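Here is what Swiss-Prot says about this protein:
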ACT_SITE  Asp14  active site, proton acceptor
ACT_SITE  His42  active site, proton donor
BINDING   13-19, 41-43, Arg306, 332-334, 415-417  GTP binding site
BINDING   Asp14, Glu15, Gly16, Lys17, Asn39, Ala40, Gly41, His42, Thr130, Arg144, Gln225, Thr240, Arg304  IMP binding site
BINDING   Asp14, Gly41  Mg(2+) binding site
BINDING   Ala300, Thr301, Thr302, Gly303, Arg304, Arg305, Arg306  substrate binding site
Amino acid sequence: MGNNVVVLGAQWGDEGKGKIVDLLTERAKYVVRYQGGHNAGHTLVINGEKTVLHLIPSGILRENVTSIIGNGVVLSPAALMKEMKELEDRGIPVRERLLLSEACPLILDYHVALDNAREKARGAKAIGTTGRGIGPAYEDKVARRGLRVGDLFDKETFAEKLKEVMEYHNFQLVNYYKAEAVDYQKVLDDTMAVADILTSMVVDVSDLLDQARQRGDFVMFEGAQGTLLDIDHGTYPYVTSSNTTAGGVATGSGLGPRYVDYVLGILKAYSTRVGAGPFPTELFDETGEFLCKQGNEYGATTGRRRRTGWLDTVAVRRAVQLNSLSGFCLTKLDVLDGLKEVKLCVAYRMPDGREVTTTPLAADDWKGVEPIYETMPGWSESTFGVKDRSGLPQAALNYIKRIEELTGVPIDIISTGPDRTETMILRDPFDA
């Protein structure tokens, strides 16, 4: 039995994590975010009602669950307040259900200004960030000049630290990027206005999780973005600024690494990517357009059209290695309904003609990589909303089996629609 279950993206993000976390939290006592910030966009559909969460864990809609934002998350007070208000307006008592680590770095206005100034300066070489200040906030953390939630307990010292760090960043904004300086007094006033709300939710997360472990409570760790966007293991520099892989759970929450029991990789039945960066199986034809349209592939955070392509099992195998995945949840299988044939990328052909079955590491090494495909018959029957494996077409079952063979990991859950009821749980991670 696994008490501590991790749910993370096995591709480039947007795999459908929010729904699965929400589904599995039926049995959980805690749901923990451990990396990223409000650059995530987790969409939940419950009884036909849609909720998009960016920062607050997906367990917040359940009254039996305590949601925790761990130290690995960069926290925007403005984004948190906005999200809390939206939920509280719907009658959800967020403050009774949400806890924060005092070690969360704060994202403030100057981080957003820096993010946007840099993307503008990069021009055609822009990374395609969400423009929310995530990267600059992580930079401040590593440079040991960042302000944290815990700093809000001493308001005078906070004001002094803020003045110092803003002088540094405003100098860069004005003199290097030729952008406008950010107003110190406004940032201070805005942050002080919510300081007491934030500090009232602070808890020792590592201690809480250790006590939960000793009691045998079920805990869900909710990843954001996806494995192939990991700052260390992703397609650098076209990556996010945090560790999206399972290793980030321990460092981003304070749970001891030996206590992770099961890692569930969320795997879309095809591939998508937002922003720039390598994508060997990307489709520019009518099939790519079909996947985008059928899958409604537009970002929950930015509204940007996602790039679409066939499932890349070479890249997915890398995700298996990096995360020691226990099982997959296959999502959006129904998007492939109606295609005469479906393809799986099983290897890459390098520019020198070599065939390889592992991914390059640096983005430059992906140049000229061509996918080698295995083609399988598609299916015309609808898989949308099917709740039993026996109700799936044989061709869809063959596709699922082939993914398991190529990756060496069982598909434990199959999602056939956006609602939490449209799911087949073949093996529950908490029972595995």
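Every residue gets a Cβ built from N, Cα and C, even glycine.
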Largest inter-residue Cα distance among Asp14, Glu15, Gly16, Lys17, Asn39, Ala40, Gly41, His42, Thr130, Arg144, Gln225, Thr240, Arg304 [record-listed IMP binders, Å]: 34
Candidate nearest Leu333 (GTP binding site) in space, where candidates are the binding-site residues Asn39, Gly41, Thr130, Arg304, Arg306 and distance is Cα-Cα: Arg306
Neighbour-count leader, CB within 10 A, binding-site residues: Gly13, Gly303: Gly13
Closest of Asn39, His42, Thr302, Arg306 to Thr416 (GTP binding site), Cα positions, recorded positions only: His42
Cβ neighbour count (within 10 Å, all chains shown) around Asn39 (IMP binding site): 27
Euclidean distance between Cα atoms of the residue listed as 'active site, proton donor' and Gly16 (GTP binding site), Å: 7
Where Thr130 (IMP binding site) sits in the secondary structure, as DSSP reduces it to three classes: coil
